[in-house]
Amino acid sequence: MKSAKTKDHAKMKAAEEKAIHSTGADSKSLDEVNGSVRVPKDASFWRTLIAYTGPGALVAVGYMDPGNWITSIAGGSQYKYALLSVILLSSLIAMLLQAMAARLGIVTGKDLAQLTRERTSKGMGIFLWIITELAIMATDVAEIIGSGIALKLLFGFPLIVGILITTADVLILLLLMKLGFRKIEAIVATLVAVILFVFLYEVIISQPNIPEMLKGYVPTSRIVSNRSMLFLALGIVGATVMPHNLYLGSSISQTRQVDRSDEKEVAKAVKFTTIDSNIQLSVAFVVNSLLLILGAALFFGTKGDLGRFVDLYNALGDSKVVGSIASPLLSMLFAIALLSSGQSSTITGTLSGQIIMEGFIRLKMPLWAQRLLTRLISVTPVLAFAIYYHGNEAKIEDLLTMSQVFLSIALPFAMIPLVMFTSNRALMGNFTNRVWVKWTAWIVTVILIILNIYLILQTVGLVK
């Protein structure tokens, strides 16, 4: 009798564990918006493209967040237009990887975090979650610092107050989610447009040398032979592909309603999502190019430190640095673009945090609590630094530089599973990587890992 009860108890416990595991594994990525956007049937090419337009903008934000600004402008101020070719190469790599991430999400109905967790042990899943959570924290550091400094430059808020204000952004995101995912896409696209037009205007009035600028997109051997130039080039490449964007792309590609039993419909979704992604990443490419061109046109050959946001803000208003075009308007527009970049990145960073938390550890909690937890995890180190250094911008921006190391460490843990999963015919069926795509992806992955290891070793002083 006792034995029978024990067996029954064991069966019930096993069934309960199975149910819990199944619930976590089978839950949809970003469940509240998954499949929430309707796509018109048998519509024209342009109408269909409009329906699929949006997720690419959220992904593209990560390629022009405040963390990339200093590197791009420094590249132009030190080596004029020569590193434009590196930005072009980085953008092509981003297009390849983001297309793979979107295809993975559409075909499998699961995001990269969910698939990685399902195909690893519990211990490995927790380890990967910690690594990826650090990457999210590192990404958010740049967004919070950028927004906080922009608020100080525009409104005179103490930096600590600006950081606290950015923490409250999560409440705005909760409201936007209730209005629908298309509203979030529209707001992010608007912020991206602000960044684009601000720097387009500033580049136009800076009057760059067009022939010399176009020549910069052709790779030169000088990038490899010049050690300091190579280091900056590696910084541009290494900071371009960020791990959270691969998780984000694999999730938000599922916001459109797709019948996965219909292979033609899946193929259409993959096609239009990829087009949207490539268009938006082209915008990010233009923005990063404009940043470098601005650095080259205004700051090449000038003396002084331009390695911080405040330095750049002041320089744009100083006629001794940028000449007759210097004005408070240029400085103000720079701060507005910085705030737009920080705010748009905040939205995507918070979404990425939710995707990773749900996918890796299958943690289910009220939406407001989950987003607030994600935000607090990211803002804590920045706020601690700000309080410890009494709001000193220079010290706090050093934290931004340190955060890039975490991104470098986390990158392989996102890229390798992505290439493996999208090359797995049992998982992807007819949508598996073509041979040339697979080998290109592996070569790019290995090169980026080597470059990032090199950057890490240089950062910690093991390589000079």
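Quick reminder: no glycine exception, Cβ is built from N, Cα and C everywhere.
Annotated compositional bias 'Basic and acidic residues' per Swiss-Prot: 1-20, in sequence order.
Taken from Swiss-Prot, the feature region 'Disordered' covers 1-28.
For the transmembrane segment (50-70), the list of distant contacts is 37-40, 43, 91, 94, 98, 102, 139, 141-143, 145-147, 181-182, 184-186, 188-189, 191-192, 195, 239-240, 242, 244-245, 248-249, 252-253, 255-256, 269, 272-273, 275-281, 283-285, 287-288, 291, 307-309, 312, 338, 341-342, 344-345, 347-348, 351, 400, 403-404: same-chain residues at least six beyond its ends, Cβ to Cβ under 8 Å. If you look up Swiss-Prot, you'll see 50-70 (among others) marked as transmembrane segment, on the strength of sequence analysis.
Taken from Swiss-Prot, the feature transmembrane segment applies to 82-102 (among others).
Taking Cβ pairs closer than 8 Å, the transmembrane segment (125-145) reaches residues 62, 65-67, 113, 116-117, 163, 166-167, 242-244, 247, 341-342, 345-346, 349, 352-353, 356-357, 360-361, 374-375, 377-379, 381-382, 396-397, 399-400, 403-407, 409-411, 413-414 in its own chain, all 6 or more past its ends. For 125-145 (among others), the entry in Swiss-Prot reads transmembrane segment, with the evidence type sequence analysis.
Residues or ranges marked as transmembrane segment by Swiss-Prot: 157-177 (among others).
Under the heading transmembrane segment, Swiss-Prot lists 186-206 (among others), citing sequence analysis as support.
Long-range contacts of the transmembrane segment (229-249) within the same chain: residues 55, 58-59, 62-63, 67-68, 71-72, 74-75, 78-79, 82-83, 86-87, 89-91, 93-94, 97-98, 101-102, 105, 111-113, 132, 135-136, 139, 222-223, 277, 348-349, 351-352, 355-356, 359, 404, 407-408, 410-411, 413-415, 418, 448, 451-452, 454-455, 458, each at least 6 residues beyond the stretch ends and with a Cβ under 8 Å from a Cβ of the stretch. Taken from Swiss-Prot, the feature transmembrane segment applies to 229-249 (among others), supported by sequence analysis.
If you look up Swiss-Prot, you'll see 281-301 (among others) marked as transmembrane segment.
According to Swiss-Prot, the transmembrane segment annotation covers 321-341 (among others).
Swiss-Prot lists 376-396 (among others) with the feature transmembrane segment, giving sequence analysis as the kind of evidence.
The transmembrane segment feature in Swiss-Prot is assigned to 399-419 (among others); the stated evidence is sequence analysis.
The transmembrane segment annotation in Swiss-Prot covers 443-463 (among others).
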Looking only at the recorded stretches 186-206, 281-301, 321-341, 376-396, which one has the largest tally of CB-CB distances under 8 Å to the transmembrane segment (157-177)?
376-396
Taking the transmembrane segment (321-341) as reference, which of 82-102, 186-206, 281-301, 376-396 has the most Cβ pairs under 8 angstroms?
186-206
Residues of the same chain, at least six outside the transmembrane segment (376-396), with any C-beta under 8 angstroms of its C-beta?
133, 136-137, 140-141, 144-145, 148-149, 152, 158-160, 163-164, 166-167, 308-310, 349, 353
